[in-house]
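> Pasting the relevant annotations from TrEMBL:
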- 221-293: domain 'DUF1736' (DOMAIN)
- 466-499: repeat 'TPR' (REPEAT)
- 500-533: repeat 'TPR' (REPEAT)
- 534-567: repeat 'TPR' (REPEAT)
- 579-612: repeat 'TPR' (REPEAT)
- 650-683: repeat 'TPR' (REPEAT)
- 58-75: transmembrane segment (TRANSMEM)
- 109-129: transmembrane segment (TRANSMEM)
- 194-218: transmembrane segment (TRANSMEM)
- 284-301: transmembrane segment (TRANSMEM)
- 366-390: transmembrane segment (TRANSMEM)
- 396-416: transmembrane segment (TRANSMEM)
- 423-441: transmembrane segment (TRANSMEM)
Amino acid sequence: SRAIKTNQDLLPETPWTHIFYNDFWGTLLTHSGSHKSYRPLCTLSFRINHAVGGMDPWGYHLVNVLLHAAVTGLFTNFSRILFGDGYWTLIAGLLFASHPIHTEAVAGIVGRADIGACLFFLLSLMCYVKHCSTRGSSPSTWGWILGAGLCAGCSMLWKEQGVTVLAISAVYDIFVFHRLKMHQIIPALYKRKNLTLFFSIGLLTSWGTALLGVRLYWMGNKPPSFSNSDNPAADSDSFLTRTLTFFYLPTKNLWLLLCPDTLSFDWSMDAVPLLKAVSDWRNLHTVAFYAGLLLLAYFSLKGSSNERECNGKTVMNGKQNANGHSCHSEMEYKTLEVKSSFASKEENGIKKHEVQKLQLPSTENIVILSLSLLIVPFVPATNLFFYVGFVIAERVLYVPSMGFCLLVTVGIRALYVKAQKRFLKNLVFCSTAALIVFYGLKTVVRNGDWQNEEMLYRSGIKVNPAKAWGNLGNVLKSQSKISEAESAYRNALYYRSNMADMLYNLGLLLQENSRFSEALHYYKLAIGSRPTLASAYLNTGIILMNQGKTEEARRTFLKCSEIPDENLKDPHAHKSSVTSCLYNLGKLFHEQGHYEDALMVYKEAIQKMPRQFAPQSLYNMMGEAYMRMSRLPEAERWYVESLRSKSDHIPAHLTYGKLLALTGRKSEAEKYFVKAIQLDPTKGNCYMHYGTFQID
């Protein structure tokens, strides 16, 4: 809702340049309550969607699906560089296309940030690959590295993790293109032939530093702040709890990639219980995960063995054991000889065709790149450098899943090569096909959960019952299933009793069903849980005012009007509630005959109201106050302002009609009374005012 439905940056009357100063949710980036999620290109795509199709969700979903298709195509094309033409590239592409972890990013509209970032991530990486292949032989090589830098910048403007492509490019250059081992990197510094390599790495480093510096400066040099429910581990006072939990979370994310059986729209709050002691059995998962990761990285970086595989062919000491591509064991890479595209030249009167060697990287090279692609884009979500506003977010795994798919593919290829019998090779292929089919079926099933809000929230009850029941209550309420909605809210509070939003929502439901004393109880609990919740003060004041407790209502409205919007997640909604509080306080003064006080409060409300606030009632009450004070010109001005802001506002038609009748403009007055009746023929109040006008 905040990213699209209530985001003012999508509206045509908002200058498009605001997109580059506000965060993803439409809040000023330097505001203390800003999420600091700076994704202007994603917001710009939403604005284009809005301009073309308004709020029709079909167009938004179409763009997401098309972007995912484009990313899948680019990823498959990149896989060809590593695996060549054949089954392995196809398997990598199918794994990525079918993986269920992508459902949230593709089916959820706001997940477009991850898809767009991945698109430019791959474009940047492909540009850098082209730079590597043309370096030293073509002047266009520097155009390619410029393209890589620009695409990296665009990727970061879709989502922050996009900047990590520069690190992946460096890994590709060192370990895949140049095939250096870890122990060879330092000696390579002293070789003149490697100057271009380190110059390119220097450019990547400088550009990455510049992008991060500008990004930090643009967001006000301050990290975002989050509530403790968003990331409970970050709010824990125990260093041991924070450390154990943060080390465990990457393990849980890898398991979601490997076995995406249990997925959820939200993993905040207690969805992943904190690890508070070393004796927690989940620490075994953590140890196994990091041990496996380190061993895999160590053997890939260490060096060679005599036996290598060549795209499905086993090779011993540079000689292959079956018909296929020859390999060079000393340099540990595969070589595929093909005739070049007839770039022939005559030499001594004889035509000769040049032979070009297309070198495919070794398994170790691919593993290093795959691990980098899996780990590096995920680093911003690890709480290592700064705290993030979630525990686990499936959409964040969209980019790292490319590394996972490559890693699985290279593992399958290694198994296939090691298998000596045809039966075992067929078994590997069949198992791979089954994995892709199962992933695809799970994706289809998970898409069913995303068909509508009710199904989505019901699917999340197992993982995050507090959040799921609360959101389900909102859906059931919108469907007029009042008793079911109340039960859902109470279920949410059973799991987490201090959720201010749920306490407020339950109070609102009770208020709308005339259970005012119960509603007041829950509003007070909501205020106790979150003293800055202006909407709870607003509704508390309205109930007290209707009960005749005017002094308590006045104090409540005044207290609400004094709450600042500092460090609030949604300052726009807060300002709307504060404006409404001032409006009702003005009405209270108006009913008591204190018109000067009412005018002062109305003027304060006008100063504080946000852009999205509908001001017609406020302007009309300003006119009423001036009318009671016999300051008719000012009253007329505010009645006109009310009708200008909302031309079908019935109260303004009636009050302006009365003013026109009072000043002798009866023909004009009659038009406004008749218009009010036309706007709502069932409203008896309109007929009463018109009848009074006719009698006079």
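Backbone N, Cα and C define each Cβ position, glycine as well.
Since the structure is predicted, the reported quantities are computational estimates derived from the model, not experimental observations.
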> Cβ pairs under 8 Å with the transmembrane segment (423-441): which stretch of 109-129, 194-218, 396-416 has the most?
396-416
> Going through 58-75, 284-301, 366-390, 396-416 one by one, which has the most CB pairs that fall under 8 Å from the transmembrane segment (109-129)?
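Stretch with maximum Cβ contacts: 58-75.
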> Mean pLDDT across the repeat 'TPR' (579-612), rounded to an integer, is what?
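Computed over the repeat 'TPR' (579-612), the mean pLDDT is 92 on the 0 to 100 scale.
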> Using Cβ atoms and a strict cutoff of less than 8 Å, what residues sit near the repeat 'TPR' (579-612) while being 6 or more residues removed from its termini?
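Beyond its ends, the repeat 'TPR' (579-612) has Cβ neighbours at 6, 8, 14, 534, 537-538, 541-542, 545, 550, 553-554, 557-558, 560-561, 572, 618, 621-622, 624-626, 628-629.
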> Go through the chain and flag residues at least 6 beyond the ends of the transmembrane segment (366-390) whose CB is under 8 A from any CB in it; none is fine as an answer.
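For the transmembrane segment (366-390), the list is 35, 82-83, 121, 160-161, 164-165, 167-168, 171-172, 175-176, 223-224, 226, 230-231, 233-234, 246, 249-250, 253, 267-268, 293, 296-297, 300-301, 396-397, 399-400, 402-404, 406-407, 410.
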